[in-house]
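Data first, discussion second: the structure below is written as structure tokens.
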Amino acid sequence: MYRYLAWTGVAAVLCLVPFYLDGFWLQTGLFAMSAAIGAIGINLLTGATGQLSMGHAFFLAVGAYSYVFFSAEPTARLSGLGLPTGVAAVLAVVVAGVAGGLFSPIAGRLKGAYLGIATFALIFGGQHVLFNAEHLTGGFNGRAVPELNLFGFSFGDTPELIVLQVPFGTLERLWFLGLVLVALSMVFAQGVLKGRPGRAMNTIRDHEIAAGVMGVPVARYRAGVFVLSSMYGGLAGVLLALVFQRTVPEYFGVLLSLDYLAMIVIGGLGSVGGAVVGALFVSLLPQLLTKYSDSIPLVAAPGTPGGVSPAEAARILYGAAVVTVVLFLPGGLLGLIKKIRLRPPRLRLPLSPPSPSPETRSPHVP
Amino acid sequence: MTTFVELLVNGISIGAVYALIALGFVIIFKATEVVNFAHASLLLAGGYLVARLWPLVGFWAALLIGVAAAALVAAAIEFLVIRRANVASHSVLAIVTIGVDIVITTELTRQIGTDVLAMGDPWGSQVVQFGGVTLAETRIVALVTAAALITAFLLAFKYTGWGVAMRAAAEDAETAALMGVRLGRVSMSAWAVAGGLAAVAALFLCVFPTPGLDRSTSLVALKAFPAAILGGLDSTTGALVGGLIIGVTESMMSGYQNDMAFLGRGIGDVAPFLVMLVILLIRPAGLFGTKELARV
């Protein structure tokens with residue numbers, strides 16, 4: 001009961017955010033939402049199945065660029081299909097999944113860190129294509145992203161829309177779309193993890209041979225989870241492109257992939273909540289440091305010489321956070337939250353009459 | 001034909017440098033079963049110290065300090081982080097090294113900024129002619145040094161007490177410990193050796209014809225990862241062969257990239273990763289890696 005109340009409360013607060021906070025925070029929040037979707041995907045792969053992937057940024061790029069390619073009207077220099085934007089968004093996620101599927105001969109056979117290094121190839125190969133296939137990707141300068149338009153409702157600045165005296169521009173409208181997408185992603189991933197596939201994935205991670213013996217098709221599961229995780233990456237990429245309104249190849253590099261791994265370790269490996277918490281931490285930290293750089297010692301405002309810039313400070317902090325979490329907080333931030341919440345589970349022992357057997361007490365134990 | 005020979009020799013030389021990095025990577029994996037993604041940052045640390053110190057103490061002393069410092073940093077990572085992490089899965093340890101890598105690389109690239117640091121090496125931009133084939137002196141030194149270091153390491157691995165302890169620990173850690181091998185020391189020394197090798201490699205990655213050490217050097221070092229994995233992560237021979245394959249491929253693809261314009265600019269930087277994929281498709285454990293067999 002409390003759970004549902006808590007969730008309703010969270011949802012209500014999140015829905016009120018666009019009415020009170022300005023564009024900077026909305027954009028930051030949307031980045032965090034996109035990161036959350038991507039992180040859920042990679043947590044299914046790395047956290048739940050034990051397969052390391054350095055190539056997550058590649059699938060974000062596939063999602064973002066496919067959306068632009070499918071939805072943009074062709075011009076003399078850039079090609080596009082001019083499909084309805086809603087269809088383009090769905091196709092982009094499918095294309096990301098297909099890209100993951102094409103990698104399955106490798107994703108199914110390699111395990112753990114081996115796969116991690118192999119997926120470096122996706123990043124470098126992908127960036128090579130992004131820079132060189134100029135008629136598709138716009139090359140170094142990237143491409144403008146068409147606004148999303150769902151069933152006649154535009155997620156852009158026009159037509160003007162005012163809700164409760166707050167002008168609803170691109171960011172305000174996307175905010176609600178982002179919330180829905182994050183919620184759906186969470187529910188779906190939770191379903192996967194709680195059900196039969198989730199148990200199979202965890203068994204593969206914990207003991208590959210045992211999983212095989214119990215009848216789990218290990219290679220097929222590995223490939224399947226890889227596809228699922230790349231579709232999550234593609235969705236995150238689409239949302240990211242809509243928020244950015246421009247896709248540039250440089251963004252989708254090794255650093256972005258490392259960010260995603262940092263997120264799931266910091267948040268908590270193998271759980272949906274962990275991915276979301278980690279995504280919030282890693283994407284909000286640099287923005288918070290930028291905003292309040294004046295009042296934090298050692299961090300200089302961006303552009304000033306000397307001192308650590310907020311972006312660098314954030315990277316160092318969450319790099320250190322990864323190490324700290326693994327050393328001292330197995331289970332990540334989510335594990336920490338749970339531990340605090342569950343602390344002293346006091347057993348109320350009945351004083352009289354003395355309990356005949358331990359079984360009768362068990363309903364009191366949480 | 002001369003171009004071909006030049007590209008081949010240059011490729012072998014740069015491949016030998018990649019082999020140095022990959023060898024360190026393999027040593028760490030054998031000794032502690034950790035895939036060390038912080039390797040690029042060790043390399044950057046060594047190279048950075050050499051570049052900063054040579055104007056003060058001279059090149060050779062700076063190189064010595066750089067190698068020692070990289071070895072020390074590596075040993076410190078092993079002692080402070082890897083040894084203390086109590087995790088079930090080795091994938092998590094790999095991610096920890098990513099955390100370490102993020103910290104060290106961010107700080108070093110901040111120090112480097114937009115500078116391109118010269119390494120102050122005595123070879124400069126001199127070239128040597130061998131019957132029409134022009135080779136940079138640095139490339140020859142790199143090849144000789146890498147070959148000497150690799151030979152020395154392999155001999156030590158085979159014949160010294162340290163090498164025997166290391167191989168025993170890699171074979172069966174528990175039995176080795178019961179036989180009196182101090183596992184802590186073995187893994188720490190493995191990390192230190194790997195760090196030292198990475199620092200030497202950093203020197204040769206940053207001398208002529210490359211302009212010098214800059215913030216992208218750690219990305220160059222990433223090419224040693226495919227070298228290690230296509231040879232097989234647990235095979236020293238594999239690291240050597242892998243390094244050479246990657247070096248020659250890169251050199252050839254960059255050298256002839258005008259003939260392969262359809263592949264796009266900068267294909268030389270991507271080729272190593274593509275070669276790795278092809279080899280992994282055919283042999284998932286790498287060329288010389290032991291296939292994992294399990295008896296149920």
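Each Cβ is built from the backbone N, Cα and C atoms, and glycine gets one as well.
Since we're looking at a predicted model, the values are computed, not measured.
Here TrEMBL flags B:12-29 (among others) as transmembrane segment.
The transmembrane segment annotation in TrEMBL covers B:57-81 (among others).
Feature annotation from TrEMBL assigns transmembrane segment to B:140-157 (among others).
As annotated by TrEMBL, transmembrane segment applies to B:188-208 (among others).
Annotated transmembrane segment per TrEMBL: B:220-248 (among others), in sequence order.
As annotated by TrEMBL, transmembrane segment applies to B:260-282 (among others).
Through the fold, the transmembrane segment (B:220-248) approaches residues 8, 11-23, 25-27, 29-30, 35, 39-40, 43-44, 150, 153-154, 157, 170, 198, 201-202, 205, 269, 272-273, 275-276, 279-280, 285-290 of its own chain, all at least 6 residues removed from its boundaries and within a Cβ separation under 8 Å. Beyond the transmembrane segment (B:260-282), the same-chain residues lying 6 or more positions past its ends with a Cβ under 8 Å from any Cβ of the stretch are 223, 226-227, 229-230, 245-246, 249-251, 253-254. Away from its own ends, the transmembrane segment (B:188-208) comes close to residues 17-18, 20-21, 23-25, 27-28, 30-32, 36, 39, 42-47, 49-51, 63, 66-75, 77-79, 82, 117, 119, 121, 123-125, 136, 138, 141-142, 145-146, 149, 153, 162, 166, 217, 220-221, 224 of its chain (Cβ-Cβ under 8 Å, at least six residues beyond either end).
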